[in-house]
Amino acid sequence: MKVVRRIAATIIVLFALSAGFVLWGFWYSSKASTESLVSCVEAELPLRSWICYKALFWVHPRPEELRRLNQQAGAYFIASMESEELARLVLRHYVDAGLDINAVDQRSASGPTALHISVTSNRPQEVRLLLEAGANPSIRNYLGKTPLEHALDVQSRHQSSELSEVIQILEAAQ
């Protein structure tokens, strides 16, 4: 009987410790930035990654986070996640919560949107995700260029067809 009690007590202690760890993880994650949580989801061990994933949807985005992301064309950061499926889910959640998919990065002299940044980075997957989420391919940056015009300009200056896939995606979106 003593053995059964010890095993039961051990199980209860382990359960309490696990629950405490998960609760601490949620509390800690509630204070983390979107960027930190996205990195955590992609790089951490499974339990910690799961906690960060849940925090992205249960606790975030906070109003002050949306303001900051909207000043920095923050949709780009979310679209750049490694997992296309996860990026699509998080992007939809944040847009539904008030993220401006067409926000201009106010820190940059050229005034790019997330779509301009994805074009510059030559990331077709991100361009597709942003367009699916409602990004407007007709918005001009402070230099007066749409994402397509920017891609064509970069391609002609560098005599490269490296941006051909991005250009095709943008042409199809016109």
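Note that the numbers count up from 1, one per residue, in the order the chain is shown.
Here the Cβ of each residue, glycine as well, is placed from N, Cα and C on the backbone.
Feature annotation from TrEMBL assigns transmembrane segment to 7-27.
Residues or ranges marked as repeat 'ANK' by TrEMBL: 110-142. Tertiary neighbourhood of the repeat 'ANK' (110-142): same-chain residues 73-76, 79-80, 84, 87-88, 91-92, 95, 101-104, 148, 150-151, 154, 162-163, 165-166, 169-170, 173-174, selected by CB-CB distance under 8 Å and a gap of 6+ residues from either end.
Helix, strand and coil counts from DSSP across the repeat 'ANK' (110-142) read 16 helix, 1 strand, 16 coil.
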